[in-house]
């Protein structure tokens, strides 16, 4: 039977509950515990797939095609596991399911209420994760902050699980802020006390409090927090600011957080294996080289919109013993007059995925700059489509070439809507989503990176390379280095006479790991360092 660890947050949002959950997951896995992680998001959207990146940040896509919260990316990267659609619960999904059951008559005429019907649905979805094969522990992060109206049904559901599963099978972690008053030099515990008081008023007594702070939290303050919050002082954990998020598991390990959790849950405490992780963190602290990469995007004001791309560049840089410095370039600002200034001296250019026509011409101009100046280029999803448009216009001579997404009347639709998408009206969850196979052509940069003829990558798109232009574009030097097994879809393109010009229709950033950088990112950074 699986045991449950619930992670809640208080005082303010964006405290790092996701990093805390992911770090604990890494520690437990290092001791041989089989686990999974899920995130409960209180918003009423079914998923974040139709939300603006400015509202939500990145949409992380799982192997089975779920559009999920970006915290799932942290879970996958830290713990090195593949999660699924069951790993993200939203209020929208819960209510949709309950209302659908009510319409079918499943509740036998009962008045449908938040308690028990909504909370039972939440509990059922949490327990579904615990029923997966060989799972010892389920870590559940509750989004939002204690006191938010939206979070109340989730908190009530986990309170009930705590009673139903018993003390030895459930562990509650509360992440709070211990603010530092600069003028007085004091760390203040009162916000934490009030946050825990709020949590206890709901009926949840935390077993552990993780204190986010700028500075070290002295033992006397931890003792004080423990006394006022009814928590063992050993379980009042300091989680101060660190230079790298990948140091957090080691900080928690130093304080024996995983041992305390396993003891409380009555689980065997295996010998931890953190040797590779420690070496990775140590290597990041002493990088010998530096390389600047331009990320040309639409949402560059919110770096979380590209968090998996950023982390993938970081993984690849550490592999090559190099600090990757990102130059954030707003695609709307790139044109013939500005391109030389905005991209001056960068060693590589990356255009990530996106939607909508804002900034498209700037992306295409940046890609032209990379191609003509032999600067290593990596395009992801839309970044591949823009590369095809640029090549068609400036190499093949199709001056009006475009994607039908941005110009439905274009004379040369080199990027077209996928046939199976043409009769779809709804936006949410209807794209080509999840993992699909890709056949890689030998003798190409892509094959050199993967060293494999068949790879599996995650997708999130509606538009594709228009096969009517295959012969023309390849005759001018565009290489189709990756195709779907039936050869109907172009998955990777590259330019032959270029140090590194590779673009994929899929999103390789979703599969990069700290100890195993994605091959395309690894070779892109390798080329940028030459």
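Including glycine, each Cβ sits where the backbone N, Cα and C put it.
TrEMBL has this to say about the protein:
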type     : residues                                             : note
REGION   : 1-267                                                : region 'Amidoligase domain'
BINDING  : 13, 148, 149, 150, 188, 189, 190, 191, 192, 193, 224 : CTP binding site
BINDING  : 13, 188, 189, 190, 191, 192, 193, 224                : UTP binding site
BINDING  : 14, 15, 16, 17, 18, 19, 71, 240, 241, 242            : ATP binding site
BINDING  : 54, 354, 382, 383, 384, 385, 405, 462                : L-glutamine binding site
BINDING  : 71, 141                                              : Mg(2+) binding site
ACT_SITE : 381                                                  : active site, nucleophile
ACT_SITE : 507                                                  : active site
ACT_SITE : 509                                                  : active site
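Between the farthest pair of Cα atoms in the ATP binding residues (14, 15, 16, 17, 18, 19, 71, 240, 241, 242), the distance is 20 Å. Cα separation, residue 18 (ATP binding site) to residue 189 (UTP binding site), rounded: 22 Å. If you measure from the Cα atom of residue 71 (ATP binding site) to that of residue 507 (active site), you get 17 Å. Cα separation, residue 383 (L-glutamine binding site) to residue 224 (CTP binding site), rounded: 53 Å. Put simply, the two farthest-apart Cα atoms among 54, 354, 382, 383, 384, 385, 405, 462, the recorded binders of L-glutamine, are 23 Å from each other. In this entry, 13, 148, 149, 150, 188, 189, 190, 191, 192, 193, 224 make up the residues listed for CTP, with the farthest two CA atoms of the set 31 Å from each other. In this chain, none of the residues that are 6 or more apart from residue 149 (CTP binding site) has a CB less than 8 Å from its CB.
Considering other CB atoms within 10 Å as the measure, the emptiest surroundings among the binding-site residues 16, 18, 191, 354, 383 are those of 191. On a Cα basis, residue 224 (CTP binding site) lies 25 Å away from residue 14 (ATP binding site).
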